[in-house]
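Chemist: Sharing a structure below in structure tokens format, with a few things to ask.
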Amino acid sequence: MEAVSSADSALTWTLFSWITRRPLFGLRWVRRIPTQMANFLLPSASSTNLLLLLCFIFSLLLAGATALPVRHQRPRHHPTATHNYRDALTKSILYYEGQRSGRLPASQRLKWRRDSGLSDGSAMRVDLVGGYYDAGDNVKFGFPMAFTTTMLSWSVIEFGGMMKGELQNARAAIRWATDYLLKATAHPNTIYVQVGDPNKDHACWERPEDMDTPRTVYKVDPSNPGSDVAAETAAALAAASLVFRKSDPSYSRLLRGRAIKVFAFADKYRGAYSNGLKGAVCPFYCSYSGYQDELLWGAAWLHRATRSPAYLNYIQVNGQTLGAGETDNTFGWDNKHVGARILLSKAFLVQNVKSLHDYKEHADNYVCSLVPGTPFSQTQYTPGGLLFKMSDSNMQYVTSTSFLLVTYAKYLTYSGKVVSCGGTTVTPKMLRRIAKRQVDYILGDNPLRMSYMVGYGSRYPERIHHRASSLPSVASHPAKIPCSSGFSIMNSGAPNPNLLVGAIVGGPDSHDRFPDQRSDYEQSEPATYINAPLVGALAYLSHSFGQL
């Protein structure tokens, strides 16, 4: 065969040198092999030898493209998860579409639901169409709806950056609530806090699409104050304004401006809303803890949303009289003290607001009450390890506590702090471990091996206390189901025909028992405020285990 010319040889060497300097050849042993081979072949290279050399080089390229790591790019190693937290996150947000009231959008994913409550507010000549049914009935209670909105927003504020594709769905869930809350606060010094007569609603078992019970409208105003529901509504609007600050600045400004006005009303006209509306809101959502906790909570959210020194001053002046130092350790739709402490501790730990240093101590006291084995532990756990506060809808405390623990762990980690519980040091890692244990219990790591999230896992509650889920859908049964006719289905043992995907039920009793009976509303009823804090905890866990 004909030998290669000197010019061809020089060109080949140049090409060869360029190839072997590519990132593929960053490892020395890979770079050395083709160089040594070239030193042997090139001085007397024939066409055949040169072809063999180039084939060898490109075979290394192809092999390296799939087998060899690029320098300085080490893959992140995540711990192994026993649960699909990403799937649970998706479903925990999807649940809210099953709770929607009003005219449903084309994007509605739970197709067994239809439009409902389209004349809500007409009795008072105000538009109150939209919002959420709080649980398994067809009443729109403003107090738990506002708390649900605040907690969904807080979940996104702290962990939305980890949600990826679910962030848009979470924002949609929040906006469905805030659009309604804007309607409910449209008139100055007036808040429409409820639509539907709960006593008459509870006397029926009917689909929201068939409602024929009175859609009575209830409100608070200067002569009939409700600082609790008003301040919670202000908190919801303020928190949501942070969610939309970048994605929809004009909407964010609208929410923030309304929050300022609503909080001013809550603070000026003080009183518990259940005093004036006792027959309508008790025993369903009585303000048992008073309104002081909501004023502190609302001020904390206005401080965070507006960054105005006026709210910081308000907290400094009024904090103690509003219960900042209370030793209660329950956080839910009624009592917000613990949430306010955790929220305000961030201002001290992360933003270095020295005047709020006491809130770190208050938050620490809460944490110490939760950690088993510490001198200050006050929390009861079931034999299976579930935090247990009360028999009625206990899961709301499990999800809210889990969220607060991962959130406080985030603040502590940022500031390099720990919690001292007597002689026990509690680290952020310990808080996350406790939270994960609670979430895992919900998802199936429990004595019954049952997921308490509908639609997650192979075994979950099938007879949840929920009218729309338990009755045939409009698509399968177009004819109206009258008020009393539904009770035959409610009392039956048949599984619900419509899957309320993502719903978290009230949960097992103090001995980890769960009968899965539709009539048992304490254990089998889902609620919007159970899911809301879990959204944040699931986002954190999904990200931590590399699922998002």
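In case you wondered, yes, glycine gets a Cβ from its N, Cα and C as well.
Per TrEMBL, the feature active site maps to H465, D516, E525. Residues annotated as domain 'Glycoside hydrolase family 9' in TrEMBL: 85-538. Per TrEMBL, the feature transmembrane segment maps to 50-70.
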Chemist: Cα-Cα, whole number of Å: H465 (active site) versus D516 (active site)?
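Modeler: It is 9 Å, counting Cα to Cα.
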Chemist: Using the structure shown, find which entry in H465, E525 (the active-site residues) has the sparsest Cβ neighbourhood within 10 Å.
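Modeler: Per-residue Cβ counts within 10 Å for the active-site residues H465, E525 bottom out at E525.
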Chemist: C-alpha of E525 (active site) to C-alpha of D516 (active site): distance in Å?
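Modeler: Given the Cα positions, E525 (active site) is 10 Å from D516 (active site).
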Chemist: Let's check the environment of D516 (active site): how many other CB atoms sit within 10 Å of its CB?
Modeler: 18
